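Heads up: the structure comes next, in structure tokens.
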Amino acid sequence: MAAVDDLQFEEFGDGATLLAANPDATTINIEDPSVSFGHQPRPPGSVGREEDEELLGNNDSDETEVFDRIKGSLLPVPGKNFVRLYIRSNPDLYGPFWICATLVFAIAISGNLSNFLIHLGEKTYHYVPEFQKVSIAATVIYAYAWLVPLALWGFLLWRNSKVMSMVSYSFLEIVCVYGYSLFIYIPTAVLWIIPQRVVRWVLVMIALGVSGSVLVMTFWPAVREDNRRVALATIVTIVLLHVLLSVGCLAYFFDAPEMDHLPAAITTP
């Protein structure tokens with residue numbers, strides 16, 4: 001057994017001293033980026049954390065941008081381009097997707113609740129949840145938020161090939177504009193529960209004015225260098241489609257006559 005005196009701690013010199021004593025010794029630098037845990041090589045075809053965050057848009061800076069864009073869609077500044085002011089060089093799909101999803105459920109749930117409140121107290125009325133309104137609202141909202149921007153992007157691309165001085169927008173930028181312009185309809189749909197037709201139409205006019213101004217101030221700079229008739233026809237088409245969506249949702253989900261109950265007795269001559 002080793003003696004107690006043999007169990008002593010020894011101090012070793014630093015790397016430079018050891019190398020001077022033995023130049024052929026092999027050393028490992030634990031600070032080498034190539035062997036650190038945070039920089040280990042990834043297999044081909046894999047996606048790193050930075051790429052994941054860029055695609056999903058779920059970091060703090062993206063959330064701040066989403067809130068800024070929502071505020072910008074609610075408070076449009078006259079003469080200010082929404083794309084240049086909030087979206088340029090960094091469009092996202094996170095905000096438009098969840099705005100559309102929230103709007104779908106807001107319209108469907110508010111429409112069901114409005115129908116229930118209107119007929120509340122009627123003996124012949126039996127409430128039946130209309131789950132099909134969710135799928136109908138989803139089809140309408142997402143078709144508008146994706147197909148209309150796709151058609152508009154293709155049209156602007158075609159006109160840009162003829163008029164070189166026109167402002168060009170990418171497809172994602174147009175989707176962002178349309179997605180964020182729909183945010184104001186979320187609180188509007190909730191307020192549509194109020195069973196007063198005049199109040200509902202006042203609310204839809206306010207929402208149309210705010211969201212429509214965002215679209216007009218964004219896309220007018222893109223077409224104003226084109227032929228005057230073509231430019232005006234483009235803006236009028238954008239506004240009419242927006243009006244059709246707003247009025248159609250109000251008329252179908254809230255103002256449609258309900259035929260799901262019949263009088264208890266029908267008199268015959």
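Each residue, glycine too, has its Cβ placed from N, Cα and C.
Look at TrEMBL and you will find 30-56 tagged as region 'Disordered'.
The domain 'Yip1' annotation in TrEMBL covers 74-246.
Among residues of the same chain six or more beyond the transmembrane segment (93-114), those with a C-beta under 8 A of the stretch's C-beta atoms are 56-58, 62, 66, 69-70, 129-130, 133-134, 136-138, 141-142, 145, 172, 175-176, 178-180, 182-183, 185-186, 189-190, 192-193, 195, 249, 253-254. Here TrEMBL flags 93-114 (among others) as transmembrane segment.
The transmembrane segment feature in TrEMBL is assigned to 134-158 (among others).
The transmembrane segment feature in TrEMBL is assigned to 170-195 (among others).
Annotation comment: TrEMBL describes 201-223 (among others) as transmembrane segment. Same-chain residues lying 6 or more positions outside the transmembrane segment (201-223) and placing a CB less than 8 Å from one of its CB atoms are 72-74, 76, 78-83, 152, 156, 159, 166-169, 177-178, 180-182, 184-185, 188, 191-192, 230-231, 234-235, 238-239, 242-243, 246-247, 250.
What TrEMBL lists as transmembrane segment is 230-254 (among others). Long-range contacts of the transmembrane segment (230-254) within the same chain: residues 107-108, 110-111, 114, 133, 136-137, 140, 144, 148, 152, 155, 159, 181, 185, 189, 192, 200-201, 204, 207-208, 211-212, 215-216, 219-220, 223-224, each at least 6 residues beyond the stretch ends and with a Cβ under 8 Å from a Cβ of the stretch.
Here the transmembrane segment (134-158) has Cβ contacts under 8 Å with residues 96, 100, 103-105, 107-108, 166, 168-171, 174-175, 177-179, 182, 219, 222-223, 234, 238, 241, 245, 248-249, 252-253 of the same chain, all six or more residues outside its ends. Remote same-chain residues near the transmembrane segment (170-195) are listed as 69-70, 72-74, 82-83, 86-88, 91-93, 95-97, 99-100, 102-103, 106-107, 110-111, 113-114, 117-118, 141, 144-146, 148-150, 152-153, 203-204, 206-207, 210-211, 214-215, 218-219, 242, 246, 249-250, 253-254 (criterion: CB distance under 8 Å, separation of at least six residues from the stretch ends).
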